[in-house]
């Protein structure tokens with residue numbers, strides 16, 4: 001409880017940040033189509049522009065997030081948290097001023113730049129902050145609470161979007177984003193980089209024995225410099241567990257990005273959904289996610305372990321039912337956090353986030369043309385949800401790889 005008490009201000013910042021970010025999700029599809037294709041429910045231009053935005057943002061995140069994570073190891077978490085939290089305000093202000101085609105294109109360009117700075121960095125830095133404050137044996141539960149608080153922000157933002165008119169949604173979202181940045185600067189305390197945890201006894205690392213090609217010692221200390229591609233490759237090559245975790249993250253992020261980019265446009269074209277119906281649908285997943293993360297997962301994590309929770313989350317993600325929002329990524333990140341020293345959390349989390357961003361670059365290249373093709377009148381056969389089905393197969397592959405990874409780790413423990 002003391003550990004979680006030290007994180008209350010971080011939880012408040014995460015809640016406000018996600019409240020602001022997710023408030024605009026139910027409305028942005030209608031705003032985009034209305035700006036680009038007025039009076040229509042299907043717009044190929046909107047789908048392609050969303051895919052381009054996702055790819056470019058993912059490319060930027062791939063480069064920026066490991067850099068930000070590494071710099072936070074050197075200069076502190078709080079100064080670097082200022083970057084994603086302030087950059088997220090600007091595109092919201094643009095649409096708060098108007099939703100014409102001109103305003104939309106201005107929002108589109110600014111959002112791409114802002115997304116490079118905020119999409120992966122906020123999660124990376126928040127996880128590194130938690131790792132600095134919480135000892136290893138409680139870290140999985142703390143990551144789960146952080147995920148639950150983020151999900152609660154998602155639910156609250158979606159509820160607000162459900163009852164706010166579109167004309168006020170972006171104004172309120174921009175205001176909340178500004179409040180979250182100010183709150184962080186005023187109340188959030190800087191960490192000691194995990195120095196207070198360095199004297200604690202290390203738990204047994206989650207790696208196979210030396211006979212399987214990986215030492216059970218901690219990873220070698222990384223030089224404190226701007227990380228290069230070689231640094232990230234070295235980080236992965238020194239740990240079989242990290243390599244397998246990166247592969248799982250890649251395929252599930254590929255599926256998740258494809259699913260998210262296709263779903264809302266599919267529902268708009270097929271069922272003529274509007275903002276309120278999008279909000280109702282998102283509340284189902286968000287409510288289940290907040291409940292599971294805040295109440296179930298913190299108690300289950302110590303009892304059954306992160307590996308089993310990882311498999312449950314990936315299986316649920318594959319099925320896309322209520323348990324979809326168990327947020328598998330926090331359990332795999334808990335596993336990753338135990339493979340590096342406290343003063344290297346930013347680099348490790350940034351590396352994993354960068355790999356997820358790389359998947360989000362490739363995803364729109366595959367799923368955007370599929371979505372546009374099967375929602376158009378020129379589809380080779382009638383199956384408007386074909387791209388979503390393909391995303392489901394990619395998610396199933398991630399689950400299969402996760403089962404292989406965690407079962408190998410369990411066998412290695414038994415050998416030891």
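Just so it is clear, glycine is given a Cβ too, placed from its N, Cα and C backbone atoms.
Whatever TrEMBL says is automated annotation, not expert-curated.
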Using TrEMBL as the reference, determine which range in 7-25, 26-44 is annotated transmembrane segment. 7-25
Transmembrane segment per TrEMBL: which of the ranges 80-98, 99-117 is that? 80-98
Could you tell me whether the transmembrane segment (7-25) and the transmembrane segment (80-98) have 3+ CB pairs under 8 A, leaving out pairs under 6 positions apart? yes
Same-chain residues at least 6 beyond the ends of the transmembrane segment (352-374) with a Cβ under 8 Å from one of its Cβ atoms are 44, 47-48, 50-52, 54-55, 57-59, 61-63, 65-66, 69, 119-121, 123-124, 232, 242, 245-246, 249-251, 253-255, 257-258, 261-262, 265-266, 329, 332-333, 336, 380, 383-387, 390-391
